[in-house]
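Participant: Dropping a structure here in structure tokens format, bear with me for questions.
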Amino acid sequence: MTESEVPVPSPEGANDTHSEEPQVAILFIGVSLFLGVICRQVFKGTRVPYTVALLILGTGLGAMEYGTSRGLGTLGASIRMWSHINPDLILFVFLPALLFESSFAMELHQIKRCINQMLLLAAPGVLISTFCLALVHRYLFPYGWNWSTCLLLGGLLSATDPVAVVALLKELGASKKLSTIVEGESLMNDGTAIVVFKLFLQMVLGQHFTAGDIVQFFSQVALGAVALGLAFGLVTVLWIGRVFNDVIVEITLTLTASYLAFFVAEMEAHVSGVLTVMTVGMFFAAFARTAFTGESQQSMRHFWEMVSYIANTLIFILSGVVIAESILRSRDNVQGQDWGYLVLLYVALQLSRVVQVGQEESEDYTLITKRTEAQFVFFTGGVVFLTLIINGTTTQFLLKVLGMDHTPETKALVLEYVRHEMYSKALESFGELGEDEDLGPAEWSTVCKYVSCLQQHPDTRALTHPHDASVSGEESRNLILQDTRMRFLNGVQAAYWDMLDEGRITRTSATLLMQSVDECLDLVARHEPMNDWKGLQQHVHFPQYLKWSSQSMLPQRLLSFFTVVRLELGCYIAAAFLRAHRQARHQLREFIGESEVADAVIKESENEEVEARRFLEDVRLLFPQVLRVIKTKQVTYAVLTRLSAYVKTLEEAGLVEEKETNHLHDMIQVDLKILQRKPPPVKMQSAHEVLINQPFFGALPGHVQQVLLNAAKECMMFRESLLFREDSKADGVWLVANGSVKWTRTKSTGRQLLHPTFPHGSTLGLYECLTGRPRLCTIAADSVAHCFFIDSAKLMAVSASEPGLEDFFWQESALVVAKIVLPQQFEAITMQELRALIAEGSNLCTYIRGETIELEIGRIGILLEGFIKQEGKDDVIGAPAGLLTKTEVIPTSKGFSGSRTASIIPQSIFYHVEARSRVLFIDLHSCQSTPFTSLSPLIPKQSMGESAGLMRFGSKYQSSRKSSGGPSKSGDVHGDHSASYSAKAMELSLFGSQVTVSKKGWRGGYVRSFLNLHQPRSQSYPTVVKRAVGKQFSSAYALKSPARRNGTVPRKVHSHGNLVLEPPPQEWPKSLVRTRSGTSCESDGDEEHIVEIESPSKLFASNQTTW
């Protein structure tokens, strides 16, 4: 209802006086509301809108009061008091509430969707309608009005008021778009029509306007109103954001904003109050709808529905009274032909509007003649009456003719399916509730009489699954798919509302999530695939300024604040999106069951989740503290909410008194308020704190860290960003602090790896800086990666500043080299596990030209520097390369069962050094001392066959010994230091810089054993258990026999850089001594024994693999 519907009394009416007391005015309110209740109850569900009935009743009351000599007594006195109220007061009392309720009830998405049509109808539409009606008044009416008067009446009648039409559209289930266009256009139309009316009124009063003056007038009145409305809306929304769980304050603020905005606009700013309040309401609809959740949302909706209902009831009855009074009082000035012109004016008005429905009201202006004033009132009241009576009652018929009230076949099938499910649920409920222990059974026939869904037993054979209609054709399938997508998205949106009530998401994220669903519904309506993630992508990503955050002139604290805000919003959205889709898929499957259409919709939903999961994973790698704080807030809110529900349960059970309940409730509310006002902060680490957690950097001495920290360049690498290319010049080292990177190599051979990545904590390019070689591979970010770049010159300068630092650099570089040169062997091993393996059981050796290297069984070598040649081959192996042992399958004789068996015999390999070389040996037996199960495939398995242990014992026995001295061995002092660096890097890799080594548990024992190493793992393999020969088995025999059997001539070899001539006598464990028949023997008899030890690894593990 707009100010156009408020009738204005004639000048004579303004002078009427009444002897009744002012409190009599209350009677009109009570009677009007009573009549409104009757009309609403009687005409509900019929084609007659209750507002039409109110207008007719008001006209009847006015006719009985003003058209009869006796009148209506006290009620008539009350009616006269209301009809003679100042018209401006009526506008200021009723109009703000009606305008705010209509605009606040509109959906932002529908406003954005229909804004073009609304503006087109509200601005050009009003002007076109005004001029069309002015032409009718000028050339068809015989009153001789000038153009100003014709335009004034045209502007007065151009406004629309679809109260009855919109209510009927909602009741009939018409599309939201149609309802939004009609109602939104009406709101804008009212504001435009009032501005036009004021402009032409001043023209009628004798003021002249140029084109520039008209433009200035429109700009000042219209644009000023929008600006003022935005200011009021912004202040009020911010204020409501500071209110916590106080529904009364929230409702009062909305009511205050609407009335104050209208008053300031009309009386102080001299702009359109209608446009101002409409802007305030739409601002609330856009930015404050999620501020009201749970009970506050219901209370807010019910309050404004009640305000709108009361205002409409009073104003429509009052309009009918005033229309009747105006017609009866103007009988002398209204002639019979005016009734015909009224009908003509109504038809012209409909033609000028095309699809618009509405009216405006007149005002009392003394410069217009009495007859013209009476004709204005007559035409305005008549148009209002005809519009409500004809348009309001024929809307349903028009919708039916246009087919807009038809239920689609897909929805009818779903409805029938739901009815069948209701029948099943009713039977199930009766089975659970039909008999009571105290009262006995219920009467089934009577229950069926009152439950309509039980009165007709559905024929399950004739029942059609709502998705089975897809077999009828592609068009039917598309319609069913569209309907299923819409139902799925409605479920997603409902899940968002639930999460908002539960405190899982913020108001801002909830608004964005719901808008994305609305936009996706538009796409689905055009038969496009479901893609509600599209509207969220712009909010769920890392801010681009992170790339230049280290070079930015802005304070780091300010950048960190904006980064946290952006990441928190993205995490809320991504987590809620995943949860809502997961719930909607479950509900769809529970509701509709198995079907091809449901599977297609669920597949679309699952495909949308990829980017959301990827974003959360990137945040978990890069800023895990953000996710931790979000989850902490969610859990805290959930705990307090459950406590509140618990207190309420105690109150309902009568176990807690009201005073005690209020005290406990207030205590919980205070905690919730503190959580909202002062949530747990996200602590962003500085560059130094981040680097300290990087294993390579954190293991360095403090003064070296300080030097490199000043030289480190902080970089935030987004997904697919390139760190360096293969074969490019190595100018520095990249430290991956958080995130992960992927590597590719054009020179690689063998099968393609599934996950060629390096995780956080990796040190990239260190090997190339140590050797001066070009880059081994191409490195690009696989996620958002937080990296630091250190120049190679600065790094090489500090490598010689500390003992053992260079060896530590070589060991650290071997981590990446091992992954690149032996990808298949180390693919399943994480960087942490590989670091543990190298730190626990590696030996870094340097060889000179002419020496021979034996790669023993159960060990892997990484050639880091130099050139070697395998014995018996001419190919030269250059660094970097992986060195593996080989295996040989030897058939054996038939066993007792007659079947032939075979033995897989691992063999050592000899290499000749062609140039100074550096090799890192990895002892696979050390895998047994680590807690990582994924390292178990590296452990050599025991060879099969009875004679597997009779091979090359002598040479292996020699290589297992570590002799002292040797020119090519790494120094002990340097080895001690490099081992301590490796131990620290290992600790950082596993537990971070804040690890507390406990005395219990595998972590504490593992780290303690790591920190208490007596021998540096970079120099030798783990100590080999001494083995002894039996009393009748000499060491010479143990060396000769295997050598003769294998045709191998004993020689001098370097085992890991040590010259070995002859092993000393040792004792053999009894468990490893076997007789000739292969049976175990624990006696100390004189029987000769054959020792079947293939390698020292059998002393440590029985379930092992061989490279």
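Quick reminder: no glycine exception, Cβ is built from N, Cα and C everywhere.
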Participant: What range among 50-69, 190-209, 810-829 does TrEMBL describe as transmembrane segment?
Facilitator: 50-69
Participant: Quick test of the contact rule: Cβ under 8 Å, at least six residues beyond the ends. What residues does that give for the transmembrane segment (271-288)?
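Facilitator: Residues 2-3, 95-96, 99-108, 111, 187-188, 190-191, 194-195, 220-222, 224-226, 228-230, 232-234, 236-237, 240, 254, 257-258, 261-265, 511.
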Participant: Looking only at the domain 'Cyclic nucleotide-binding' (696-798), what are its DSSP counts of helix, strand and coil residues?
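Facilitator: Across the domain 'Cyclic nucleotide-binding' (696-798), DSSP assigns the residues as follows: 26 helix, 34 strand, 43 coil.
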Participant: Test the contact criterion for the transmembrane segment (50-69) and the transmembrane segment (24-43): 3 or more CB pairs under 8 Å, pairs 6 or more apart in sequence, then answer yes or no.
Facilitator: yes
Participant: Suppose you look only at the domain 'Cyclic nucleotide-binding' (696-798); what would the mean pLDDT be?
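Facilitator: Taking every residue of the domain 'Cyclic nucleotide-binding' (696-798) together, the mean pLDDT is 88.
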